[in-house]
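Below is one structure, written out as C-alpha cells; the observations come after it.
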Amino acid sequence: MAAARPALTDSLSFCLAQLTAAAGEGPGGGKDPATNETPLGRALLALRTRHIKAAEGIERFRARGGLRPLLALLRRTAAAGPAPSQAASGSAPSSVASAGSTPGHAPAAESLLTPSLPMRLRKTLDLALSILANCCTEGACRAEVRRLGGILPLVTILQCVKTDSIQNRTARALGNLAMEPESCRDIHSAGAVPFLVESLTACQDSQCLQSIVRALRNLADSPQHRLALAQQGAVRPLAELLATAPDPALTAALVRALLELSRGCSRACAEQLSLGGALGPLVSLASHPKRAIREAAILILANLCAQGLVRPALGNAGGVEVLLGELRRRRSPGGSSSATQQPLVRAVCLLCREAINRARLRDAGGLELLMGLLQDPGASAWHPRVVAALVGFLYDTGALGKLQALGLVPLLARQLCGEAGEEEEEGIEAASWDFPEERTSGQAEGGSFRSLRLWLISEGYAAGPGDISPDWSPERCPMPEPSESVSPTPGQTSMSTPRTLRKPGRIPAATPEEPWGQEGPALLLLSRFSQAPDPSGALVTGPALCGLLAYVTGAPGPPNPRALRILARLTCNPACLEAFVRTYGAALLRAWLVLGVSPDDWPVPHARPVHRSQHRELGEMLLQNLTVQAESPFGVGALTHLLLSGSPEDRVACALTLPFICRKPTLWRRLLLDQGGLRLLLTALTQPAPHPLFLFFAADSLSCLQGLVSPTASPVPLPALPLELDSPPPCLYEPLLGPAPAPAPDLHFVLDSGLQLPAQRAASAAASPFFRALLSGSFAEAQMDLVPLRGLSPGAAWPVLHHLHGCRGCGAALGPVPPPGQPLLGSKAEEALEAAGRFLLPALEEELEEAVGRIHLSPRGGPESVGEVFRLGRPRLAAHCARWTLEPGQCPRKRALALTGLVEAAGEEAGPLTEALLAVVMGIES
C-alpha cells in the first residue's frame, strides 16, 4: 500500500507563504483574510500545533522571518478600526489611530472590528495571537517583536475586540512581552493598562482573567510602574476579584499579582486594596493550605503596613494576629532564615504606631516577641526599629510594666552604646493614623502660609522649607520634656543643657534643639521608666548605669540632654538612694565621671573620647544630689539600717559608699568609726570582690575618708635619698680595709664563702648586745681572732660591718637593695634585714627599711613595687606602703593598683594590712 501523501501544511515554507500572502507582503498579497481564510487557517493551525511546538520550532520560525508577516497580519486587522474613543472609554496613543491602511482594505477591517466577528475571522485572529504569545516566551522573539513595533497592534486589539478568547490571547502575549524591561516600558507607554483594567472588570472567563492578571503582574516590574498601575486603578479590580473569586487558579494568580503590586506599597495601592474589600480575604488566605498562596497573602499584609491609613482596618480584619503568628513561626527553631523575617519584623513594628493595633499586639503576645528580637544578637540590625516601635507604648502603663519585667531596661542601656544597624527611614505615609493628616496640595498653599514659612526660617525656628508643612498645628507638635532642676548647686547648667551641634549655615534657633539620633527612642523609654515613683529596680542597676554613662562619656558630640536628665532624676529620687549604695552606683559615678575610669578602662586603660571637664562637673553634681538625699532624715535612717542590719554585701557597699556621699562629720564618724564601718570595709579587701572595680572603689573611698579625717592634710613627698652626696658622712669602717689599716683590726669575721672581713672587737661589742656576748663573754669566739658568721653572704654582711663600726648614712645600707622592678623576697636586702634582727641591730633594721622605702616607694615609683615591699613582712614597711597608697594627691589609678598589689601580697593574712591602712586613714601611725 502506498504511503500517505504529506500535507502541504507540513512544510514550514508553505505555511509562511500563506501567512505572507494574507499579510499583504508577498506576491499576490493583499488578499482579504475573509476570502482567503481556509488555506490561511490551515497554515496558522499547523504553525501553532506542529511547527511552533516542535523542538527549537520558535527559533526556526523567527529565523525564517515569520514574525514580520504575523505582526503585519495583526496590524492589518488593528489599523483601520474605529477611533479609540468610540471603541472604549480608555484612550490609545494617536499613533495607533493614525496607522496607515489602504482604502481597499477598510471594508474588510471594519467587518472584522464589529462587535460580532465572523467565526472564521475570529478563529484567524485567535490562531495568530496564540502563535505570537507562544513565540514571546523566548527572549529573542520578544526583542524582535518590540523592534518590529508589535506592541501597538496588540494594544489596539485589546481596546477594540471584546471577545474573551481574543482578550485572553492578547493579554497573554502582552504578559509575555512584559517580561523584558524595555517591552514593559513600551507597553506602559502604549496605554495598555486602562484597557487591561477595563477587560478585568468586564470579562467573566477564568482563563482570560488569569491572563489579564498575569499581564498586570508582569507590568509591575519597577516602583514607577507599580505606582502607575495603582494610579490607573489596576489594584481595586484585583482586590474585588479576590473577594469573590471561586476559582483556586484565579485566586493564586490574583495573590501573586497583588504581592507584586504591593511591593513598596504606595498610598494609592493601599487605598484601592482597602476599598476593594481585599483585607478580609487576605487574612483568610493567610491560613490557606497551599504554601505559595499562604506566604504571598502574608507578605501582602506585611507590605500594606507601610501605609498608615490602612493599618487600623488591617488590624480590624485580624492582620495583627496573622503577622504575629507568622513571625513567631519563622523565629521558631525550625523556622526560616532571618532574611524572610525582615518584612514581618518591619510590619509588626509599624503596627505599633496605632493605639488600636498596639492593644491587639499586646494581647496577642507581641511584646514577648519584640523582646525576643531585642535579646537576639543575630537580630541586631532590627534593634533600632524594634526600640522605636516600643516607644508607642510610652504611656501604656500595663505594657511598660510587662516590658520592664521582661528585661527591657538593660537592653535599652546596651542599645545606647552598642553598634547596631541603622533604622530604615519611613515615608510620611507610614506615620501613625491615630492623627490622620489633612493633605494639602502644594498649589493650595496660600500666600499667608508662604509668608509664615519665610518668617520661621528667617527667625531660626525652621531650617528650610521642608521643616514645616501647611498642615502644621500646635496640637500636633509634642511638648518638649521639661528640664527639671537636678541640683541646687550652681554648676549644673553646662551639662544639663549641652550645646547642640549646629549644621553649617544653620541659623541659631531661639530654643536649643535636642539631638535625635539612633539613641533617641531608647532614651525616651528610659526617661519614661525613670519617672516612676521608684525606678531603682530597673534603672539603678549595673547594666543600666553603665549604658547611660557609656553613652554620656562616649558620645562624639554633646550627649542628648535627656540622658543627663535621667541621671539627675535618679540621683534626686530618695527611693533610689539605697539602690545607688547597694550597686556601688555612687562609686561608679565618681570613678567614671570625676576620675575618668570606666570598667573597660580598668586595669588597662583604653583610649576613648575625652571631655573631662564636663564629665567631672556632671559627676560632682550627681554626687551632690546623692549627698542631699543621704544627709536628709530619710537618708540617715536608710544608711544606718543598711550598715547595721543589711546583708554582709550591703554593709560592705554602704561602708565603701559613705565617704562619697556623706559630708557631715557626725554622720560619717558615727557610721564608719564608732559603728565599725571602716574596719568592715578593710576586712572585705581580702575577700572575693563583689564588683569588677571594687578595689578601685575601695582605694578611692579610703582616700576620701582620709581627707575627711584630716582635711588639712597635704601631700608631703618623702625626701629622696641621693645616691651621690655632695658631702657624705665619713665612713668609719673604710680605714680598716686599706693595705695599712689604722687602727689595725684585732679580729676577722669569716663568712661561709671564706671571705674574711676585718673588724674591731671593742667597736663590735659596743654596737650590739649580740656581739658583746659573743666577743666579750664566755663563748669560745671571745678568744678567737677568726670569728665565723654563719648564714651570711658578703652583700648582706657589708651593711652589718659598717653599722658595727659606727657608720650611719654612708650608703652601705643601699648596697643590698635591688632596683625597682626586681623582687625583694630572696634578695640581699631581705637577708640583711634578717641579719640585723638576728644580731640585735634595730637601728640597722630601720636604716635598711628606709633604704628599701626610698628606692621602691619614692614619689616617682610605680605601684607594682608596693606589693613587693609589703611581702617583706615588716610593720614599718607595711605602714610605709599604706602611706604611699593613700598619700594625698596620688594618681587614682596608681592608688588602686597599689592597693591591688597589697591585697595580693597579704593573701589570707589580712591583719597586718588592715592595721596599716587603718592607722594611715585615722592618722595615728607612728
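All residue numbers here begin at 1 and follow the chain in the order shown.
Every residue, even glycine, has its Cβ placed from backbone N, Cα and C.
Here the structure is a predicted model, which means the values were calculated and not measured.
Residues or ranges marked as compositional bias 'Low complexity' in Swiss-Prot: 82-104.
Swiss-Prot lists 484-499 with the feature compositional bias 'Polar residues'.
Residues within less than 8 Å, Cβ to Cβ, of Ser337 (phosphoserine) and separated from it by at least 6 positions along the same chain comprise none. Residues or ranges marked as phosphoserine by Swiss-Prot on the basis of similarity to another entry: Ser337.
According to Swiss-Prot, the feature region 'Disordered' maps to 82-111 (among others).
The feature region 'Disordered' is assigned by Swiss-Prot to 472-516 (among others).
Among the features that Swiss-Prot reports, repeat 'ARM 2' is placed at 181-221. With DSSP classes pooled into helix, strand and coil, the tally for the repeat 'ARM 2' (181-221) is 34 helix, 0 strand, 7 coil.
Mean pLDDT across the repeat 'ARM 3' (223-263) comes to 93 in this model. Residues or ranges marked as repeat 'ARM 3' by Swiss-Prot: 223-263.
Same-chain residues lying 6 or more positions outside the repeat 'ARM 4' (267-306) and placing a CB less than 8 Å from one of its CB atoms are 226-227, 230-231, 233, 235-240, 242-243, 251-252, 255-256, 258-259, 261, 313-314, 317-319, 322-323, 326, 343-344, 346-347, 350-351, 426-427, 429-430. What Swiss-Prot lists as repeat 'ARM 4' is 267-306.
Here Swiss-Prot flags 355-399 as repeat 'ARM 6'.
Look at the repeat 'ARM 4' (267-306): DSSP puts its residues at 30 helix, 0 strand, 10 coil.
Mapped onto three states, the DSSP output places Ser337 (phosphoserine) in coil.
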